[in-house]
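Working notes, beginning with the structure itself.
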Amino acid sequence: MARNTAINRYRNIGICAHVDAGKTTTTERILFYTGLSHKMGEVHDGAATTDWMVQEQERGITITSAAITTFWEGSRRQYDKYRVNVIDTPGHVDFTIEVERSLRVLDGAVVVFCGTSGVEPQSETVWRQANKYGVPRIVYVNKMDRQGANFLRVVGQIKNRLGHTPVPIQIAIGAEENFEGQVDLIKMKAIYWNDDDKGTTYREEEIPAELVDLANEWRSNMVEAAAEASEELMNKYLEEGDLSAEDIKAGLRARTLASEIVPAVCGSSFKNKGVPLVLDAVIDFLPAPTEIPAIKGIHPDLADKPKEQMEESDYDERHADDNEPFSALAFKIATDPFVGTLTFVRVYSGVLESGQSVINSVKGKKERVGRMVQMHANQRDEIKEVRAGDIAALIGMKDVTTGETLCDPDKPIILERMDFPEPVISVAVEPKTKADQEKMGIALGKLAQEDPSFRVKTDEETGQTIISGMGELHLDILVDRMKREFNVEANIGKPQVSYRETITKDSVEIEGKFVRQSGGRGQFGHCWIRFSAPDVDDKGNITEGLVFTNEVVGGVVPKEYIPAIQKGIEEQMKNGVVAGYPLIGLKATVFDGSYHDVDSNEMAFKIAASMATKQLAQKGGGKVLEPIMKVEVVTPEDYMGDVMGDLNRRRGLIQGMEDSVSGKVIRAEVPLGEMFGYATDVRSMSQGRASYSMEFSKYAEAPSNIVEALVKKQG
């Protein structure tokens, strides 16, 4: 079967933003204008098409990234048909994992900002994540009809706060209730939207006299930005003093794909003024799958090789080409009440037909692909095949987790994995009735499979089930989903902070010896280990996990016992050395020891290594670390003193303050343990007028009174 749409006419894009910048409404309008949805859903009446989980509709925030396939021929039917796969991403800090995993599989992004509040904390997080994956993007400043909206002020904030170069290709005509449309700086025409067809079409007129000078100023800024794309364009510009519309688009496109600039447009999705031009900008400036670098991967045999030891020759590439071996990345798992598990994949290369088998190269397991569907929010169309560049959902996968690779069994590859943050908050859950115990286990297992930033474990001492996640809202919603989707009522304990431990000494040599010899077969394990504190980067982030090396010479400890020593260290790291919390990172080198011909075995060496690791509390300068959150509070000036005093009482460090449309923005770093229930406190302090957001920043040493309490608790 041939391709319906040439791959150079694919656009895989995400719509990212801060909560309430109007992202879901923008996605709704995209569905409407691309002809998929005949009734526009409004978020505030709980009817938006992409917000298809019950809680999303109730809370008015987007939680899961729904992937939608649409087609676009241009606001003036000026293009051949393009296939646009849109992923709607959540903007709430507790769901950054959803944003991260969507950005991983996208080729370009539309970042939506509110015309009034501009660059908000979460926008910075999303921007950093897009930088991390090198995602080219365009900016859409929405809500231009709102009080205090100002397009060029937001453009300035993007430059100053995000350190990127925005290039407006429009300016706004009017603002707030007088917002009428845009000046198209490429055509130098004023654009006014037709209310009769809900802003599907527009008329072009001359630019209003009072905006001509401003339009000329920003046009020359745009033309210069385009000219800098190449020597050829620069020479043309210097000779002729201007560039044609084609040259401007080509220059801006080249620089956007290189992530040097960000084209900026404005509008009001709610008032139906501007979204078709956002779609035009997606076609004009964002990349096709063939215009981004080929994805890299490694052969499954090299899966255990440490990243720092990898050589260029260890990597393999997959290009966006139907003739290459099939490879795809599972970026989301969702449970559907009718068909079971949906595995959302981004296909990077090759072709897959339903009924064929693929291999999950991470687990080494074969999977048969039953049915395949293309999603339109929560409706689905069955398809017979997927090709390079496609985003689709596979039905019938038995054992696939987010971030794993599905590929051709004859040409296996493990594509670059996603990094998932460690949870920072835990609560105990127990079913309200004994009968729900088993159901709760199944429900939590399914939710953990869908969301890698959510963990479930059983506390060995208390037998309680502990769930961990990225914030209070994250866990609230998962407990809520358990109730709605699996009919499991649960009681929730008090939130617990995920403390960590580390050591501070840079080189300490410790002996571990485990000997039991009393007639018959005994136990003998003896090793010397040099422990060092983990590496810390400029921002205070600690290298996680164990970096283990073997420097034993002369066979004083036989080779077959070395993995047992590593295992013993790793197991003790999980249980901590000071107060029972996991060691965040450690460097360990085994360099000496001894063995017994008869009594030595793996278990003895594992215990010896564990005993050596335990001594780090005293000998290695063991410390307890607490998670520190980056907190941003937006408050009217009247309540600023109270808010700051309260943050100080919570052991917060004020990092800075600035003015915003809604008052003052206070930025601080506060220990997570002091932030429980903050939502209620900050509301009562400000009579409901202050809002805040927080995200994980780093781990830092906990004060001695907290450590004492934790050690006491451990008994």
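Just so it is clear, glycine is given a Cβ too, placed from its N, Cα and C backbone atoms.
Marked as GTP binding site by Swiss-Prot on the basis of sequence analysis: 17-24, 88-92, 142-145. Here Swiss-Prot flags 8-290 as domain 'tr-type G'.
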If you average pLDDT over the domain 'tr-type G' (8-290), what do you get? 84
Counting only other Cβ atoms and using a 10 Å cut-off, which of the binding-site residues ALA17, MET144 scores lowest? ALA17
In three-state terms from DSSP, label ALA17 (GTP binding site) for me. strand
